[in-house]
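A short worksheet on the structure shown next.
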Amino acid sequence: MHRRDFLKLTAALGAATSLPLWSRAALAADFSPLPIPPLLQPDANGKINLNIQTGSVVWLPSTATQTWGYNGNLLGPAIRLQRGKAVTIDITNALPEATTVHWHGLEIPGEVDGGPQALIQPGAKRQVTFAVEQPAATCWFHPHTHSKTGHQVAMGLGGLVLIDDSDSETLPLPKQWGVDDIPVILQDKLLDKHGQVDYQLDVMTAAVGWFGDRMLTNGVPYPQQITPRGWVRLRLLNGCNARSLNLALSDGRPMYVIASDGGLLAEPVVVRELPILMGERFEVLVDTRDGQSLDLVTLPVTQMGMTLAPFDQPLPVLRIQPSLAIGSQVLPESLVVIPELADVTGVQERWFQLMMDPKLDMLGMQALVARYGMKAMAGMNMNHGDMGAMDHGNRPDMSQGKMKGMDHGTMNGAPAFNFSHANRINGKAFSMTEPAFDAKQGKYEKWTISGEGDMMLHPFHVHGTQFRILTENGKPPAEHRRGWKDIVRVEGARSEILVRFNYLAPASTPYMAHCHLLEHEDTGMMLGFTVSA
């Protein structure tokens, strides 16, 4: 964050905290409380019921927005699982369309992973049973319906999975759910003039992703969480379809990162800014012992489409209000043992070239600028990709961000461009029936994922594993990204990861590897692969 932005935020915050107590109470009353997802744990028989259903939420005055949720109107419960124990989940689909439930971050066999082949038809049920054999972590579950994932997530489907183990239970970490152990699911939303979720998969969103003009935290705009005075644990999930975030605290105090996607780090890592990609999770500790209220804010990012108001300046997403109660006073010096990286000499290597059809690149950028103006380009010029030397600076019809008479799907009367397979890996769009390769169970592989020649942001996710990042976008990984991960950043350069698959995945239910910008995934930037013994 630029110093001037911090000063602005700090001044605003200071004005609020200098108010007399009675008006501070009135100010607090203006905040909605942060909704805390209910904990859902296996019953005495090791079972959990999950109902995928329609619902409604009031985000705008006098308007009910139609939404989808798991066991409720929106989002879902936090499913709490224990390492070493099996669970059986009975899933019922009460939606009007088919869906799947993918267990993002869980190391489980392909047949229960919930990829696009594992469709649950409307009115149908599916039962999955698996044992949890991985370290404590914050994971999540969400749809993975081919070509429909972006829409189904935008409608509200998503929930947390909390894995506990002996390390997480014995370490002196905040553990009171909804008190000092706080889930923070961040998602942007776009509503139409009728107050309904305005989701379109078109040439623009296929190129840059679907993005909103408001931010929700656990489904509520800018809520407040009252916490004890002490160390507070935030379990952060970027649940956005396409928007990367960069989180900070409004008064500039540090956050201590204690866990990434796949579990606890070796020791807390101090950061003042925390970039978090779509689908990623981080756990951070925040020191509230001084009793001062503060905001979790998302800072501006340089990503196409994501620079528009209100995201063009620091945007508060959660007010943290310490009470008089005394909370955890301990910051652990060390957490868990992270194994040394395995020797990659002689291991199987694979190459993944992420690419967008140049025509989609061109049409998508044109549609973005036509709809939102040059500000949406995040500082990139218009010859990004294949747009040649178009000089938009002096075009009279571009001055107001309009391109007169342009149909976003057609150019010069040509047939509409079919973008449904325009995003690819190694030149191929996703196939539901042809896995791209077979990996061997328990064997390390080194994967290189390249975004060279494509300046788009691609958070690359691999099913069925927690991997280690060797290099990220051409550089050594940041310290807090050196633990267990299931998403790596690819943006115009190469990333290298060390993967290993402990379970089998047959051709009927292969694992997926894909871009977690959901509209890229839905338009082909995904492949299936098998794991055999």
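Backbone N, Cα and C define each Cβ position, glycine as well.
Feature list (source: Swiss-Prot):
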- 1-28: signal peptide (SIGNAL)
- 53-166: domain 'Plastocyanin-like 1' (DOMAIN)
- His102, His461: Cu cation 1 binding site (BINDING)
- His104, His142, His516: Cu cation 2 binding site (BINDING)
- His144, His463, His514: Cu cation 3 binding site (BINDING)
- 221-290: domain 'Plastocyanin-like 2' (DOMAIN)
- 416-532: domain 'Plastocyanin-like 3' (DOMAIN)
- His458, Cys515, His520: Cu cation 4 binding site (BINDING)
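Here His463 (Cu cation 3 binding site) is positioned 11 angstrom away from Cys515 (Cu cation 4 binding site), judged by their C-alpha atoms. The average pLDDT computed for the domain 'Plastocyanin-like 3' (416-532) is 98. Of the candidate binding-site residues, His102, His104, His458, the one lying closest to His144 (Cu cation 3 binding site) when CA atoms are compared is His102.
His514 (Cu cation 3 binding site) has His520 nearby among the binding-site residues His102, His142, His520, counting only those with a Cα within 10 angstroms of its own Cα. Reported as a whole number, the C-alpha separation between His102 (Cu cation 1 binding site) and His463 (Cu cation 3 binding site) equals 9 Å. Long-range Cβ neighbours of His142 (Cu cation 2 binding site) (same chain, at least 6 residues apart, Cβ-Cβ under 8 Å): Val101, His102, His104, Thr149, Gln152, Val153, Leu157, Gly158, Gly159, Gly239.
Reduced to three states, the DSSP call for His461 (Cu cation 1 binding site) is strand. Between the alpha carbons (Cα) of His461 (Cu cation 1 binding site) and His520 (Cu cation 4 binding site) lies a span of roughly 12 Å. Under DSSP, Cys515 (Cu cation 4 binding site) is assigned to a strand (E or B) in the three-state scheme.
Distance from the CA of His516 (Cu cation 2 binding site) to the CA of His458 (Cu cation 4 binding site) is 7 Å. Long-range C-beta contacts of His463 (Cu cation 3 binding site), restricted to its own chain and to partners at least six residues apart, with a cutoff below 8 Å, comprise His102, Gly110, Asp113, Gly115, Ala505, Tyr511, Met512, Ala513. Secondary structure at His142 (Cu cation 2 binding site), taken from DSSP and collapsed to helix, strand or coil, is strand.
Each residue in His102, Trp140, His144, Gly158, Gly279, His461 lies on the same chain as His104, His142, His516 and has a C-beta within 8 Å of the C-beta centroid of that Cu cation 2 site, without being one of the site residues. His104 (Cu cation 2 binding site) is surrounded by 23 other CB atoms, counting those within 10 A of its CB over all protein chains shown.
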